[in-house]
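*Asks:* One structure, as C-alpha cells, below. Some questions next.
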Amino acid sequence: ETAAEKFQRQHMDTEHSTASSSNYCNLMMKAREMTSDRCKPVNTFIHEPKSVVDAVCXQENVTCKNGQTNCYKSNSRLSITNCRQTGASXYPNCQYETSNLQKQIIVACEGQYVPVHFDAYV
C-alpha cells in the first residue's frame, strides 16, 4: 500500500456527502481497517470528490504539525467527519464518537496532486 493509497483508504469517503448516522465512525473505522490490530484514536473522513482533495495540494502552503513544509490548506470549507475513540472503549471493541463538520483541511502532499497525510482541520 503506497502512502497515497493509505490516504484514500483512511480519509476519503466520496460515496457519502456526510456521516449518515451516529454509528458511521464505528462502521467506517472497521471497514477501512483502522481497528484491525488496535483502535486508531482519531481519524477524519473527507466527503468530497477526489479531484477537490487532490487540488488542495496546489492551494495555500503551510507548515505541518511535525515541522515539515509540504502541507497545504484548502481554500474553502469541506464536508468532513471526525471520528474520536470514546474513553470507555478498548480494543477489539473500538467505539467512536461521530462529528459532522464543515472545515478547511490541511494535508501533506507528495508532488503536485498527491495527498499522502491528513494533518489537521481548521
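Each residue, glycine too, has its Cβ placed from N, Cα and C.
Feature annotation from Swiss-Prot assigns substrate binding site to Lys6, Arg9, Lys40, Pro41, Val42, Asn43, Thr44, Lys65, Arg84. Feature annotation from Swiss-Prot assigns active site, proton acceptor to His11. As annotated by Swiss-Prot, disulfide bond applies to Cys25-Cys83, Cys39-Cys94, Cys57-Cys109, Cys64-Cys71, with the evidence given as similarity to another entry. Sequence annotations record features per position, and here Swiss-Prot assigns active site, proton donor to His117 based on similarity to another entry.
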*Asks:* Within 10 Å of Val42 (substrate binding site) (Cα-Cα), which of the recorded positions His11, Cys57, Cys64, Cys83?
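*Replies:* Of everything listed, what lies within 10 Å of Val42 (substrate binding site) (Cα to Cα) is Cys83.
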*Asks:* Would you mind pulling the DSSP three-state label for Cys64 (disulfide bond)?
*Replies:* coil
*Asks:* Could you say which of the binding-site residues Lys6, Lys40 has its Cβ with the most other Cβ atoms inside 10 Å?
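*Replies:* By the 10 Å Cβ neighbour count, Lys40 comes out on top.
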*Asks:* If you measure from the Cα of Cys83 (disulfide bond), which of the recorded positions Lys40, Cys57, His117 is the nearest?
*Replies:* Lys40
*Asks:* Rank the recorded positions His11, Arg84, His117 by how many other Cβ atoms lie within 10 Å of each Cβ and give me the one with the fewest.
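*Replies:* Comparing Cβ neighbour counts within 10 Å for the recorded positions His11, Arg84, His117 gives Arg84.
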*Asks:* List which of the recorded positions His11, Cys64, Cys94 have their Cα within 10 Å of the Cα of Thr44 (substrate binding site), in sequence order.
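*Replies:* So the list is His11.
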*Asks:* Near His117 (active site, proton donor), which recorded positions out of Cys39, Lys40, Cys71, Arg84, Cys109 have their CA within 10 Å?
*Replies:* Cys71, Cys109
